[in-house]
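Per TrEMBL, the feature domain '4Fe-4S ferredoxin-type' maps to B:370-398, B:408-437. Among the features that TrEMBL reports, [4Fe-4S] cluster 1 binding site is placed at B:Cys378, B:Cys381, B:Cys384, B:Cys427. The [4Fe-4S] cluster 2 binding site annotation in TrEMBL covers B:Cys388, B:Cys417, B:Cys420, B:Cys423. Per TrEMBL, compositional bias 'Basic and acidic residues' is recorded for B:470-501. The region 'Disordered' annotation in TrEMBL covers B:470-519, B:684-711, B:777-865. Taken from TrEMBL, the feature compositional bias 'Polar residues' covers B:504-515. Residues annotated as compositional bias 'Low complexity' in TrEMBL: B:780-790.
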Amino acid sequence: MTLLTAILALVGLALVFGAILGFASIRYKVEGNPIVDQIDSLLPQTQCGQCSYPGCKPYAEAIAGGEKINKCPPGGESTIQALADLLGVEPEPLDAEHGEESVTKVAVIREDECIGCTKCIQACPVDAILGAAKQMHTVISSECTGCDLCVEPCPVDCIDMVPVAPTVQTWSWQQPATTADLITAKNDNLIITDKGRGAAA
Amino acid sequence: MSQAIKLWDIHGGIHPAENKSQSNQQPIRVLPLPKKLYLPLQQHIGNPAELTVNVGDRVLKGQRLAEANGFISASLHAPTSGTIVSIEPRQIPHSSGLTAETIIIETDGKEEWCEREVIKDYLHTDPMALLGHIRNHGITGMGGAGFPTSVKLTPKDDDHIDTLVINGAECEPYITSDQLLMRERADQVIDGISVLGQILKPKRCIIGVEDNKMDAVKALRESVEAHPKTLPFEVKVAAIPTKYPSGGEKQLIQILTGKEVPHGSIPADLGIVCQNVGTVAAVAKAVLEGEPLISRITTVTGDAVSDRGNFETLIGTPIQDLLSHCGVDDSKLFRLIMGGPMMGFTLHSTDLPVIKTTNCILAATEQEFPNPAQAQDCIRCGMCAEACPAELLPQQLYWFSRSKEFEKAKHFNLFDCIECGACSFVCPSHIPLVQHFRFAKGGIRQEEQAHIKSEHAKMRFEARQERLAKEEAEKEARRKARAEAAAKAKAEKEAKAKLEADQVTETASQPTGSSVEDDKKAAIAAAVARAKSKKATSTPDSGVDVKALKVASSQARAAHLKAKRALDAAKEAGELSAEQLAEQEAEVSKLQTAYEASKAKLDAAKNGNSTPSAEQATAPAVDVKALKVASSQARAAYLKAQRAYDAAKEEGSEPEEAFNAQLKEIESLQAAFEKAKAALDNAKSGKGAVSPVAPAAQTKDATDPAQTLENKYKQLKVETSQARAAAKQAQKAVDEANEQGKDSEQLKALETVLAEAVQSYEKLNAKKLVLQEKVKLRKAAAASSDANNAEVTAAESTPAKRETSKAAPTETTANTEDPAQKVKELKVAASQSKAAWRKLERELTKAQEAGEDTSELEQQVSAAKTTYEQANEAKTKAMAALDS
């Protein structure tokens, strides 16, 4: 009798939990692959195509499908690190084949040379170039991702990629030098406050 | 005021050498007016101020040069009267050493004031007006960070401020500017507290001063007692133990109130606002004297200057002027620091100006501030954690910052670090911990900015993709519409061209030209032809069969219609006897059956369901008929091909390839024929009955000799072909045997078989031919009568006649009441009869070639010819009638 009760109880529990799980799997079904969106949100969204995929989302999909994580020069080491953390894989050095990590740049059109061909406008993945046919074009620098895609199509080569100069608002401290010869009074901004200083007086 | 104030302690903290006595011995002095003042637009946290003056303008003392740009920003005023000589980017006193827009004023020494706005009766002024006044006068935090004061005094709606904390701790070594201010201008500080009290309406105010500045504490207490009327709340001056960094905002609040500002919160969330004494004094000056923030007290100290002390300095005064005035020894000056030794930063030039946050200029010698010792490895001694006033774990943060693991650093509350430098101070390995933390903080901020930017870029990219897709879809739709229009136009053009061509050919007999119907019909015909050719090409395997079937079907239909019409006409005319009539009727129904059968077959073939056996299973009665037709047609085609092949063979002139192609065609045709035959046999045997025709047809078979004739003919045909096949097979066997050199007995037996087969075939063929001619004759007669009938109809075109023609059940739209249509039909009939005649003629030639009896055939040919001539005549007549 006890045995029977136990079996019945377990069967009953199994059925109940099975039903709950079954319901949950239908009710809370996740559409699409959520990892792709997570990867996509880590990528720099320059849409530059340096990874050989036509945009950040396709590369995110490729990574979800097993592609290497070190093909994004604009993202650089920090993106590789973030991707490695997300996917639980070992971070690898940036694949130099796809370009090197460089400072953030912004496209600048030499406006007196622009002939108004609209080719750069069509190339820009984020609509950061303003202009009309036979009218001068200009780059909305706050929208420019520095992806380089507008440089190639320009027939008169009037687009320069200019490194973004830090302003007082965007400036941040450099990583402290770790070798002694670099630490001098004139090339660092530090004021070292360790013991013994200021004791002279 | 000697009542004890309860104080709390903070975690950690250090006790560096104070070094305040060098500069606090003399009273505040006023610096002589410099020749030029350099005023950066950004001297505060937030957006740079927006210029309101131009180069060349003469400005008066206190005049606004630039106004606050946005909520977190501060205005800038002229510290003295003079002329703006330039507005240019210049290096600013900032730890980055970057350049920023700077207004350069050439002073004129007149100290000419602009009109000042003074609020004497601030206790009865709206707090918002006071806030606006403070904002307009460019007051920012004087303690070091330079946060716009008006922002800090504007708490959120749900925050009620009950405690005002005034920061006079000045915990950093060397700096004495606040001490001097409190000592000498305590009344100004108390007035400022009074103004802030009017704005914030706190319950109490605590002024925190470290106990190494008891002179300042005394002065403040005296001043508080002297101002009972303007202070409607309790004001206490607390002397707190000297300990670095008790002057940090959060630390001072904790010491004075015991409340800790939680992570991610600001003091206002706890009902506390903290202001520096210098700021409070500046507020008092702005409200009571109408003087904006144009000057401040700056400590000049360090071993490299001989005359150390505090100076009332105009904002924008070059540091070089300050140092020169204090007797700087350039040879001894090793390191120039703005701010204190703990939280200040090194300046690389003496050209930089004093700004609103410059509380101290420290000109140090190398003995005072030598270069740092090389950092050693972290030994995880934990002294930094003990010293940290924010109770963080600097040794952990150091690892994460060094390896750029910013996420982990964030989890260890990096952003609660106040960068006081206590950890660096105590580190036995001389690790520049604060610099590492500053770097990590900057890195995290940059990453956050990059993330915001990337999200923005993603949004824009996706919006663009969407837009492009939409544009593409629109383009595609337009393109399709255009293509459709073009196709339509082309079809119309083609139809027109065809019509014109028709007209050209017809003009001789039909000068009426085009009518609308003809136009339409031509278009329809063109479309049908296109569709047909399309279908034929789309089903290349069954293409030949389908085509043949189609032709058979249309022919059968035409014959049926003609017979029907002829019958009707005969009935109407009452020409025929009852017997003849019956015969005719039978003929009509027979033709209809034939037509239906061929149609069914055609449909089946079109549907790709051309396997006769499958067809037969669904509709046996009709199918057998259809199969028969198919079979005979296949055979005809086969024979024709064979003929062509033979002829070519005889001539020997055909190129090899064409020959082969023909051979192939013949073979395929034969295969089709055999297939059809096999299916027919199958159908016959499968259904048990030899002729499982539809019951109606069966009865007719019994009664109607014509039907029987037809059936017989068909059967004979089948048999003939079977016999022929057998004969062929036998011939083949004989040939093979011959080749292989088999023994004469076998050969003989085979030859006998062959001879028998040939004989039976010939017999059957003869019979068949006879029957065939009969059938043909009948058909020709029907066609001729139809032509006659049509002629009559066309000539008279009476409604009655039209009705009779309408009565034909399978009549289609092509056969309308229009005489023009009639003419057309006649044309068709004429051409059909012509075709029949031609066919007969061909048969005749063939028969002649074969050396058979051709007399009957000749008769038939002449009969068919007559029929055609009649039909043609009728057609011409009808045309003439139509014309007239």
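A Cβ is built for glycine as well, from the same backbone N, Cα and C atoms used for every other residue.
TrEMBL entries are annotated by machine, without manual review.
This view paints the features noted in TrEMBL onto the structure.
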| residue | record | Cβ within 10 Å |
| --- | --- | --- |
| B:Cys378 | [4Fe-4S] cluster 1 binding site | 17 |
| B:Cys381 | [4Fe-4S] cluster 1 binding site | 13 |
| B:Cys384 | [4Fe-4S] cluster 1 binding site | 27 |
| B:Cys388 | [4Fe-4S] cluster 2 binding site | 24 |
| B:Cys417 | [4Fe-4S] cluster 2 binding site | 22 |
| B:Cys420 | [4Fe-4S] cluster 2 binding site | 26 |
| B:Cys423 | [4Fe-4S] cluster 2 binding site | 33 |
| B:Cys427 | [4Fe-4S] cluster 1 binding site | 26 |
For the binding-site residues B:Cys378, B:Cys384, B:Cys420, return the ones with C-beta distance to chain A below 8 angstroms, or 'none'.
none
Identify all same-chain residues not among B:Cys388, B:Cys417, B:Cys420, B:Cys423 whose C-beta atom falls within 8 angstroms of the centroid of the [4Fe-4S] cluster 2 site's C-beta atoms; report them in sequence order.
B:Gly12, B:Cys384, B:Ala387, B:Pro389, B:Ala390, B:Leu392, B:Pro394, B:Ile418, B:Glu419, B:Gly421, B:Ala422, B:Leu433, B:Val434, B:Phe437
Find the one among the binding-site residues B:Cys388, B:Cys417, B:Cys420 whose C-alpha lies closest to that of B:Cys427 ([4Fe-4S] cluster 1 binding site).
B:Cys388
Summarise the domain '4Fe-4S ferredoxin-type' (B:370-398) by DSSP state, stating how many residues are helix, strand and coil.
10 helix, 0 strand, 19 coil
Calculate the distance in Å between the alpha carbons (Cα) of B:Cys417 ([4Fe-4S] cluster 2 binding site) and B:Cys384 ([4Fe-4S] cluster 1 binding site), and round it to a whole number.
12
Taking the mean position of the Cβ atoms of B:Cys378, B:Cys381, B:Cys384, B:Cys427 as the [4Fe-4S] cluster 1 site, which residues outside that list, in the same chain, have a Cβ no more than 8 Å away, listed in sequence order?
B:Ile379, B:Arg380, B:Gly382, B:Met383, B:Pro394, B:Gln395, B:Tyr398, B:Cys423, B:Val426, B:Pro428, B:Ser429, B:Ile431, B:Leu433
I'm trying to understand the geometry here, so how far is the Cα atom of B:Cys378 ([4Fe-4S] cluster 1 binding site) from the Cα atom of B:Cys388 ([4Fe-4S] cluster 2 binding site), in Å to the nearest whole number?
16
Length of the line joining the Cα atoms of B:Cys381 ([4Fe-4S] cluster 1 binding site) and B:Cys423 ([4Fe-4S] cluster 2 binding site), in Å:
12
Can you tell me how far the Cα of B:Cys420 ([4Fe-4S] cluster 2 binding site) sits from the Cα of B:Cys384 ([4Fe-4S] cluster 1 binding site), in Å?
12
Rounded to an integer, what is the Cα-Cα distance in Å between B:Cys423 ([4Fe-4S] cluster 2 binding site) and B:Cys384 ([4Fe-4S] cluster 1 binding site)?
4
Give the three-state DSSP assignment (helix, strand or coil) for B:Cys423 ([4Fe-4S] cluster 2 binding site).
helix
